[in-house]
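Chemist: Annotations for this protein, taken from TrEMBL, read as follows:
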| type | residues | note |
| --- | --- | --- |
| COILED | 5-39 | coiled coil |
| DOMAIN | 184-588 | domain 'UvrD-like helicase ATP-binding' |
| BINDING | Gly205, Gly206, Pro207, Gly208, Thr209, Gly210, Lys211, Thr212 | ATP binding site |
Amino acid sequence: MSSYASQLEEEQRAVTRAYDRLDALRAEARERLDAVRAAGAHGSPTQRTERDSFATMYEDRLTQLRSVEDRLVFGRLDDSAGGRRYIGRIGLTDKSHKPILTDWRADAARPFYEATPSHHGDIVMRRHITLSFREVVAVEDEVLDVHSDQVGEASKSGTLTGEGALLASLSSRRTGKMTDIVATIQAEQDHIIRSQMGRAVVVQGGPGTGKTAVALHRAAYLLYTHRRTLERSGVLVVGPSSAFLHYIDQVLPSLGETGVVSRTIADLIPGVHATTFDTPRAAQLKGDHRMANAIRNAVSSRERVPADLPVVQISGIPVPMLAADIEQAQAEARRTRQPHNKARETFVKSMISAMRVRYEEQLDYTPDQDEINRAVSLLRMNDKVRVALNLAWLPMTGPWLIDDMFSKPDKLRRFAPWLSDEDVAELVRPKGSPLTRSDVPLLDEALELLGDDPKVAARRKRDEARAKEALQFAQDTLAQNGIGNGLVTSQMLVDQINGDDVELTAQRAGRDREWVYGHIVVDEAQELTAMDWRMLMRRCPSRSFTIVGDVAQTSALGGTRSWPKTMNRLFGRGNWDLNELTIDYRNPQEVSDLAGRFAEAQGLYISTVHAVRRIADAVTRTVVPDRGELAAAAAREAADLAKRFVAKDGSGRVAMIAPESLVNTLRPAVAAALADALGADEAARIADQEPWDRQVTVSGTEEVKGLEYDAVVLVEPSLIDQESPSRLVAAADLYVAMTRPTQRLAIVRTSMDEKDLEL
Ligand SMILES: Nc1ncnc2c1ncn2[C@@H]1O[C@H](COP(=O)(O)OP(=O)(O)OP(=O)(O)O)[C@@H](O)[C@H]1O
């Protein structure tokens, strides 16, 4: 047997041992679950609740143990004393608590990602283990201490290499789902993943440098390291679009973390889902931080002294509503510092009592309590009083306030006096228009000032009471039974019963607008406006953020083009750290160079990136004489690429990125070309796929943010440029489009287009 084969065999034994242990733990959890279920619905209510809690706990444990099946073990560290530790997705120990596998997030796993020949501590060799299902198919060694014996051994057995594992993972076909990178996290990425919680960590990096990957692994790392805190408060991941959230949704579960809430800004408020978009200019105006004042003005305009104040007859006595009483009652209500709708209760109470005093003043005797009560209830029921009180302090819902403000130009001008006439014209829309993506932070601001729906408040109170009761119950159960057995810790039971399980936390957080998260991860953060940021800051007052983005890819007019400017304002100088990622793992060098040159020529500030792979024919160009031939040529190109990259097993992705005005013409052309090139059945299979999971797509530039494909067909770029709201936005959008492919970039354009824009 060759020595390489014997190395594989040796590792197979270690890997089999880890899987055997995993199987045993699964069987144990399964058995316990069955036993609990078999007990059925018998016993006292206390026993039943106890059994339910155990059942949920074992189910969760089973889910976790199942989710780590793929690539359970991927590394090994050898130390100078001859010790070995295997690195994997989770930590495992044998029955006598001896370690079998070290969790990638544990401190002991750090050198696997961070050790270098110049800084390796007592680690002398790092081994990458590649599995196919449960079989070891490759091992590669990096020797960190050149003086150690392992150098000779590794070179003898042919396992000595450098970046094979990384390059293999980068060249694999795209599946439409992002995969985790635990096995190949690079040192500059690891440094960010493991950085301290409690501060704002900003990650700037060019396209494909792993910002998204790093942000998600950091979330998993923080959940592991600060589980106690984050289990209670939860982690929120904010992404640019639902398609993007679909793309990343398997990364955290594959790392054993299922309890994270992921949302776009458009659906961050429970029960609200904005599906329409403003024009770029309107979105910019709405994103301006002064819009917070506009909302405040809109609310306070409903706390005023009406011009006509009524005098009402109560038991034949004229009772006036006085401006001075209104002012006094309003001051009292404001002093409560409660939101508008809640503070209104104080206002009304104090007004009724002021009017009662006015009533009493008219009498030449002292009324008894009955008479006073009668007068008060007559005042309360009086229509004129009710109308005047509403005019003085109107109860409102958030959506109504937003709708009202944007459907009345006079009001908008009054609440936002900095807007020009053109701005107002850009923003005004018919009453009853649907809520847009850029309305959402304004709505959130309004809800903050108005206060929540009373129903939501009541539910929160109930939840709190229930959680308190459950805690007591958990403590009693533990005291009576004393549970554990290694599989489930007593703390898990308390959390489980108390509803502090991460998954439950996520569910509760997701439906509570006022939920305060322990950490927020923001991806494509350069696109957020000042109002978006306000919405996120409210959700994490501890200011523990991971913020990743690229200021050269900003396409929102109100987005960020300089991190210091935005971050100093949000967190204060010195309270945030800027990290930079510099290696492009996605694009072939030829694509990365072309995109970089273009962006620079357009005046974008771009991060320097170094692409790690070369593919000689990565960029191709097709020029047709005129627009009449464009669709057919582009569709042919897409079909050729589909033939090459798209497989029946669902792997392989091709995207056509085109000017918005051509998308509707291109879609049928691509469908027809696919049928020609791949046959009707295969074309139909692709057409039937869910839009976010389709193997061949046609879209504008906005939808492809953060995503990646094996091949991209970029159509008529100068038209994309012309259709953009500004030159910089156009440049950023084209930069994004060009940097989506992992293998091929095909540019298809007319000769006119070629003259208009150098690329
Ligand atoms: N250490 C790594 N090992 C293996 N693959 C990696 C590594 N780092 C990044 N990648 C891969 O590189 C690709 C690009 O990563 P990612 O999408 O996180 O980049 P990004 O910086 O967010 O890009 P963009 O700004 O263009 O959205 C992904 O397929 C990711 O899995």
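Glycine too: its Cβ is placed from the backbone N, Cα and C atoms.
Automatic, uncurated: that is what TrEMBL annotation is.
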Chemist: Can you list which of these binding-site residues (Gly206, Lys211, Thr212) have a Cβ closer than 6 Å to ligand 1?
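Modeler: The binding-site residues passing the 6 Å Cβ test are Lys211, Thr212.
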Chemist: Does DSSP give Gly205 (ATP binding site) helix, strand or coil?
Modeler: strand
Chemist: Within 10 angstroms of the C-beta of Thr212 (ATP binding site), what count of other C-beta atoms is obtained when all protein chains are considered?
Modeler: 26
Chemist: Return the count of C-beta atoms lying within 10 angstroms of the C-beta of Thr209 (ATP binding site), excluding that atom itself.
Modeler: 27
Chemist: For Gly210 (ATP binding site), what is the secondary structure state per DSSP, taken as helix, strand or coil?
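Modeler: Going by the DSSP assignment, Gly210 (ATP binding site) belongs to neither helix nor strand, so it counts as coil.
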Chemist: For each of Gly206, Gly210, count the other CB atoms within 10 A of its CB; which of these binding-site residues has the top count?
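Modeler: Answer by Cβ density within 10 Å: Gly206.
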Chemist: So around the ATP site, Gly205, Gly206, Pro207, Gly208, Thr209, Gly210, Lys211, Thr212 aside, which residues have their CB within 8 A of the centroid of those CB atoms?
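Modeler: My list of surrounding residues reads Asp550, Leu581, Asp584, Tyr585, Arg586, Val609.
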Chemist: Tell me the Cβ neighbour count for Pro207 (ATP binding site), meaning other Cβ atoms within 10 Å of its Cβ, over all protein chains shown.
Modeler: 27
Chemist: Can you count the other CB atoms that lie within 10 A of the CB of Gly208 (ATP binding site)?
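Modeler: Neighbour count, Cβ to Cβ under the 10 Å cut-off: 27.
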Chemist: Within the chain of Gly205 (ATP binding site), which residues six or more apart in sequence place their C-beta under 8 angstroms from its C-beta?
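Modeler: Long-range Cβ contacts: Lys211, Val548, Asp550, Glu580, Leu581, Thr582, Ser607, Val609.
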Chemist: Calculate the per-residue pLDDT averaged over the coiled coil (5-39) and state the result as an integer.
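Modeler: Result for the coiled coil (5-39): average pLDDT 90.
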